[in-house]
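Lifted from TrEMBL, the feature list:
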DOMAIN    B:5-214  domain 'Glutamine amidotransferase'
ACT_SITE  B:C77  active site, nucleophile
ACT_SITE  B:H198  active site
ACT_SITE  B:E200  active site
Amino acid sequence: MLTKRIIPCIDVDLDEDGNPAVYTGVHFEDLQYTGDPVEMAKAYNESGADEFVFLDITASAEGRETMLDVVNDVADEVFIPLTVGGGIRTTDDIKETLRAGADKVSITTGALERPELINDGAKAFGSQCIVISVDARRRFDEAGEHYVEIDGESCWFECTKKGGREGTGIDVLEWASEAESRGAGELFVNSIDKDGTKDGYDLPLTKAVCDAVDTPVIASSGCGGPEDMYDVFTEAGADAGLAASIFHFDEYSIEETKRYLDERGVPVRL
Amino acid sequence: MKVTIIDYGVGNLRSLRRGLEQADATVEISDDPQQIATAEALVLPGVGAFGECVRNSRPFHDVLVEAAEDTPILGICVGLQLLFTESTEGVPDGETIDGLDLIPGRVERLPTTAVKVPHMGWNQLTIEREHPIVAGIDGAASATRRTVASVDDGAYVYFVHSYASTVDSHTVASCDYGFDSAAIATNEAGNVMGTQFHPEKSGPIGLRLLENFVAYAEAYHDDRAAVH
């Protein structure tokens with residue numbers, strides 16, 4: 001049986017000396033130093049993680065060059081699928097990232113600004129490596145297209161850019177369907193409202209996206225422990241659950257998370 | 001043992017190289033048909049669409065068919081699909097596109113009505129019959145064995161594909177995803193084989209499988225040297 005995937009994620013930036021370092025934050029802000037990317041990747045490779053996600057959160061072109069070298073080093077240590085995201089805007093960026101050792105690329109802003117990037121990327125490299133990532137934010141006004149009830153209130157989800165700092169007016173569910181029809185192979189669903197809170201994934205958001213598309217959905221943001229993974233698999237229908245801080249700070253191991261899920265009947269790779 | 005990975009522009013070969021190196025192979029990545037023709041063991045990787053892989057790999061078709069006479073060959077994902085007789089990917093209904101026909105079989109789309117396509121993620125193998133690629137090899141190979149994992153019933157491996165061949169007498173291991181498809185297949189002689197999943201992305205089980213391939217290639221050449 002196809003298993004639900006447990007995916008650790010690292011956000012990598014350059015430290016004061018220009019060396020790559022992993023940071024963990026809350027609501028995409030207040031970042032704190034967490035560790036060395038290659039060492040962390042190595043540890044996760046051996047921990048039973050099902051995939052590994054590497055997000056380059058540097059903004060500069062200089063940072064990008066450095067990051068491709070780090071991706072190289074990470075790829076040498078990781079024998080599970082590796083997804084790399086951050087700053088990918090052209091098919092050349094996709095090519096470079098895959099060549100550096102990524103199996104898939106995660107694209108957020110680049111696809112919102114130029115949706116054809118999804119078609120071009122899927123055509124050149126295959127849908128399996130094009131992951132479209134959305135940074136969704138709850139909105140309780142009347143500007144959306146698809147609404148769900150949250151605590152008795154009507155809510156829609158907006159695609160944001162720049163880590164939630166900039167709205168786009170685009171409805172996440174519209175965008176998810178469009179991305180799928182353009183050839184996206186997976187959807188990576190982040191929630192600005194839940195990021196770093198550890199009070200659970202945004203279940204209404206994840207469920208709405210899962211219902212809107214046939215493509216595999218990776219739930220992200222808000223995981224505080226194995227029970228949140230359980231909820232997002234059983235209530236929202238996610239195919240994979242991503243988490244950062246609970247694994248980075250050793251609050252839970254991948255193995256104990258999987259055992260918890262296995263005992264409750266969720267198929268996982270043990 | 002030197003293993004040659006055929007480079008026909010199909011993306012990330014890094015993990016594959018590293019995986020084979022962990023199995024103590026010397027790895028060469030080549031797009032030179034002459035080098036490929038004289039290789040001791042060949043790996044045909046594959047990422048993306050069948051049609052594109054067929055086009056890109058065209059310069060190597062004749063060499064591969066000839067090498068199949070006396071060289072261990074491992075196809076991975078679309079690389080395995082290329083080894084089969086034909087595929088229905090990217091052509092109008094009722095038509096097929098030719099593969100290398102080194103392993104009899106037809107590659108067809110997974111049934112979208114029952115399951116999400118692509119089949120993406122970790123799924124289990126069911127061993128259908130014996131072959132060194134799944135059993136591991138006694139003797140010389142065990143001395144170099146590094147991983148404790150074994151490729152047996154229930155082992156989880158990583159799949160990403162929308163097309164697959166059905167199970168028949170050439171199937172070494174199958175996978176159930178809506179219906180049973182060939183996860184590992186081989187030719188009659190046993191020296192041409194392939195995996196529908198990605199061993200280089202399948203953790204310890206996948207590394208063990210690459211080890212098994214390298215060990216098989218060593219034993220294959222030793223046997224032939226003994227006969228001649």
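In case you wondered, yes, glycine gets a Cβ from its N, Cα and C as well.
Secondary structure at B:E200 (active site), taken from DSSP and collapsed to helix, strand or coil, is helix. With the fewest other C-beta atoms within 10 Å around its C-beta, B:H198 stands out among the active-site residues B:H198, B:E200. When secondary structure is read from DSSP and collapsed to three states, B:C77 (active site, nucleophile) falls in the coil class. A distance of 6 Å separates the Cα atom of B:H198 (active site) from that of B:C77 (active site, nucleophile). Between the C-alpha atoms of B:E200 (active site) and the residue listed as 'active site, nucleophile', the distance comes to 11 Å. In sequence order, B:P45, B:G46, B:V47, B:V160, B:H161, B:T195, B:Q196, B:F197, B:H198 make up the list of same-chain residues 6 or more apart from B:C77 (active site, nucleophile) whose Cβ falls under 8 Å from its Cβ. Over the domain 'Glutamine amidotransferase' (B:5-214) the predicted model carries a mean pLDDT of 88.
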